[in-house]
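Novice: If you scroll down you'll find the structure; I have some questions about it.
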Amino acid sequence: MELKWLLCATLLILGLVDVQTHDEEDDHDDDVIDIEDDLEDGVEDVEETKPEASSPPPSPKVSYKPPVPTGEVYFVENFDKGTLEGWVLSKAKKDDTDDEIAKYDGKWEVEEMKDTKLPGDKGLVLVSRAKHHAISAKLTKPFIFNTKPLIVQYEVNFQNGIECGGAYVKLLSKTTELNLDQFHDKTAYTIMFGPDKCGEDYKLHFIFRHKNPKTGKYEEKHAKRPDADLKTYFTDKKTHLYTLVLNPDNSFEILVDQTVVNSGNLLNDVTPAVNPPREIEDPDDQKPEDWDERPKIPDPDAVKPEDWDEDAPAKISDDDAVKPEGWLDDEPEYVADPDAEKPEDWDEDMDGEWEAPQIANPKCESAPGCGTWQRPMIDNPNYKGKWKPPMIDNPNYQGIWKPRKIPNPDFFEDLEPFKMTSFNAVGLELWSMTSDIFFDNFIICTDRVVAEDWANDGWGLKKAADGAAEPGVVGQMMAAAEERPWLWVVYILTVALPVFLVVLFCCSGKKQPSAAEYKKTDAPQPDVNEEKEEGKDKADEEEEEEEEVEAESNEDKQEEKQKSDADVGSASQEEEEEEEEEEDGKPTSEEEESMNRLKKS
């Protein structure tokens, strides 16, 4: 912020000084203008152009209307009735967890967002933090995966941001053991979908449980991570729309705010793969004892040279080195600090004999060195180190051993993983270290148009209301600069500096009088010409002198032809006198009038 105000103040001061300087120059040129008339005209202009005081136009208001499904749905919920009717709070406990935190006692409420722009729009709010939350509701009818796609869509707003926690939904499998009253983390689900974050790991889950047709066991399959940057959806405190589209051809799409952020195929883009490999490594196969995996081996025929000295040191003293002149052999590098004093609480019986701390010897500062001089060490040219035989290609190399492949006894091929286990309930089973997570406008259907209509009538209104309440471009730039102060420098260089330069060049231009206004004629000149003549520069005077010489030459010729040209000659002589007066001192207005009268006569 200090940098921002410093730069702004500097540019403002420079601009004011420059404008003031040019205003003074302009005032000097026009100091004989009738000020009273201009002031009267200025007052009239100001009164005519004075704008009426008006307040800024109010922001457009967006009225809320609960969305209504436009087609067949398996589940819809907008919470605008203000109750948890149809939802079941779990009373279960987590296994293998301390009793103090094992209960699903997290609090849920139906209420408006804290900073709502749509009064009357309510949603499901995870109120408490650092607790287990579980709530679920039945579908109007079970969803069976056959020939129609599955579309799951809902809204989330992290009103307080999110430190660590999830906002995903689970589509609970239709089983005889399903009891919503005992909904917990181990309850069987078919699909888990939605945002999740802890630390700096931002996720958008799509997990489905696939049943092995041979063993009957279920295995979780995780979709690949999105390539898009998901951080904004967790930090901007806006309502975001999450949509999962799962098609019978095994393709899937994941959308945020109606924009695709991830897509793929259930057969190719999940981990682990739906179908196991046809062949596996034989678990009973073992590497033979004589299997040689070494690509290089020491040369068995190599012999150490007779002159190879393994005991030669790596460093030796430099025999050519000479002790620098002025070296102080008798002076130690460090001496006792003469200014040090023994502490008053020093106990020699407990602490021993006190000694002053050591400091660098001040006598050594001006000398090349102190103490005993020793020759420096250099690399030993005869050093070779321990001898080792060179490496050669291994003639017995057999490659890296791998167990042989055998047919996979558990192999199966499921070409329709879309046909998952039916589900008949939707649930939220969450742990969060941040409170006030807002959920709204759940829909499960098979028609994409129905889901888009529902989104436009619900999330679309929130987006429009947020847009109406958001500041303009300038406000957004200011807000961004508050978070990133270095942006002020960019703003000033890209906006303020060009404006300042334009003002500078516009104000520095000085209006030059037209040469025609100074041209000598027999007709009397108005007073304003006299004022402009006072401001002429040398270039204009030289031009005027040339014109006067021509006029004088013409007048001399007229004297030879006509007698009446005497008056003209006298007038020409008066003009020459006037020019001389202009060089010595500029004529007054009275002198100008008298000269005009002479010209007329």
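Glycine is treated like the rest: Cβ placed from N, Cα and C.
What TrEMBL shows for this protein is this:
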{"type": "SIGNAL", "residues": "1-21", "note": "signal peptide"}
{"type": "REGION", "residues": "43-66", "note": "region 'Disordered'"}
{"type": "DISULFID", "residues": "Cys164-Cys198", "note": "disulfide bond"}
{"type": "REGION", "residues": "266-350", "note": "region 'Disordered'"}
{"type": "COMPBIAS", "residues": "285-323", "note": "compositional bias 'Basic and acidic residues'"}
{"type": "COMPBIAS", "residues": "327-350", "note": "compositional bias 'Acidic residues'"}
{"type": "TRANSMEM", "residues": "486-507", "note": "transmembrane segment"}
{"type": "REGION", "residues": "515-601", "note": "region 'Disordered'"}
{"type": "COMPBIAS", "residues": "540-553", "note": "compositional bias 'Acidic residues'"}
{"type": "COMPBIAS", "residues": "554-566", "note": "compositional bias 'Basic and acidic residues'"}
{"type": "COMPBIAS", "residues": "573-584", "note": "compositional bias 'Acidic residues'"}
Novice: Counting across all protein chains present, how many other Cβ atoms fall within 10 Å of the Cβ of Cys164 (disulfide bond)?
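Specialist: Around Cys164 (disulfide bond), other Cβ atoms within 10 Å: 15.
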Novice: DSSP on the compositional bias 'Acidic residues' (327-350): how many residues come out helix, how many strand, how many coil?
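Specialist: Within the compositional bias 'Acidic residues' (327-350) the tally stands at 3 helix, 4 strand, 17 coil.
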Novice: Please give me the CB contact count at 10 A for Cys198 (disulfide bond), counting all chains in the structure.
Specialist: 15
Novice: Near the compositional bias 'Acidic residues' (327-350), which same-chain residues lie under 8 Å Cβ to Cβ, leaving out any that are not at least 6 residues past its ends?
Specialist: 356-361, 363-364, 367-373
Novice: In the compositional bias 'Basic and acidic residues' (285-323), how many residues does DSSP assign to helix, to strand and to coil?
Specialist: 0 helix, 6 strand, 33 coil
